[in-house]
């Protein structure tokens, strides 16, 4: 019988994490459970930095970006002795289960705890939208708004100067954020990690646009594909059009979460408590077709594939 739970945020922060923590805390308290907030992710779990939370601990948090519990990358958590100490800390406080909010790296920590017999529920918190088992992750739509606003501003200055602008978007090895922002921002060209990149093909496409009378263009590209400053120089040399590169960087992770992320985070937080009370452990929560779902966390990490939004790309191509 679950009586006490812990909640932590891990890995890169995303807007809506505070709303998810709030959802976990308020839903747990409504069921008579005690909740402990764990500071700075798995590092704080290992160092036994925890604090009991009440409903006032999460007051005025739903609208805040980031995570008030803090987050830290802690690769040492892969070590068996480190995890053993973390589990000992949980057991010493009488904590029966753990809710982990983060991306696939955070899920890996929850997976290892699950394999060692400690019940965990994972909530997908990342702007990258790269977690299997869910259509969308907490923070994706807020980051999308941030990127689209930046693209809109760049278009203003690009059109004024008849310039080509390259915008680098976060996402690691997932192009969802870039693709969605490119559609919403009306970008002329899209470069994604899921599609093999050939810079000469891109140059040819840009030249074709210029030949048709295009005065300016926006190229949206996911991070880690190439050096965008070098790409900008090459495009400028080949097209004779001024070309500038912009890296949006960590601004994409910040800001007050949009309404959808607040709702999604709240639903997922409450659903995590529902699963724990039903006796589930070792699960990860997702949303599919607007319904809450859960999957085996080990299966999600090892076997499930995140589908590429090919239909979105086809739509984008029609609108170039």
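Yeah, the Cβs are placed from backbone N, Cα and C, and that goes for glycine too.
Residue 73 (ATP binding site): 15 other CB atoms within 10 A of its CB, across all protein chains. Residue 73 (ATP binding site) falls within neither a helix nor a strand when secondary structure is assigned with DSSP, and so counts as coil. Residues annotated as ATP binding site in Swiss-Prot: 12, 73, 74, 103, 104, 105, 106.
Residue 22 (ADP binding site) is surrounded by 25 other CB atoms, counting those within 10 A of its CB over all protein chains shown. Annotated ADP binding site per Swiss-Prot: 22-26, 55-60, 155, 186-188, 212, 214-216, in sequence order, evidence recorded as sequence analysis.
Sequence annotations record features per position, and here Swiss-Prot assigns Mg(2+) binding site to 104. In the structure as shown, the Cβ atom of residue 104 (ATP binding site) sits within 10 Å of 20 other Cβ atoms. According to DSSP, residue 104 (ATP binding site) sits within a helical segment.
The number of other CB atoms found within 10 A of the CB of residue 170 (substrate binding site), across every protein chain shown, is 24. The DSSP secondary structure for residue 170 (substrate binding site) is coil. Summarising the annotation, Swiss-Prot assigns substrate binding site to 126, 127, 128, 163, 170, 171, 172, 223, 244, 250, 251, 252, 253.
Under the heading active site, proton acceptor, Swiss-Prot lists 128. Residue 128 (substrate binding site): 26 other CB atoms within 10 A of its CB, across all protein chains.
Annotation for the binding-site residues 12, 186: lowest Cβ count within 10 Å of the residue's own Cβ, 186. Candidate binding-site residues: 12, 103, 105, 186, 216. Nearest to residue 251 (substrate binding site) by Cα distance: 12.
Counting other C-beta atoms within 10 Å of each candidate's C-beta, the binding-site residues 212, 216 are led by 216. Every protein chain shown contributes to the tally, and the Cβ of residue 106 (ATP binding site) ends up with 28 other Cβ atoms within 10 Å. Listed in sequence order, the residues of the same chain lying 6 or more apart from residue 105 (ATP binding site) and placing their CB within less than 8 Å of its CB are 10, 11, 73. When the Cα atoms are compared, residue 22 (ADP binding site) and residue 126 (substrate binding site) turn out to be 17 Å apart.
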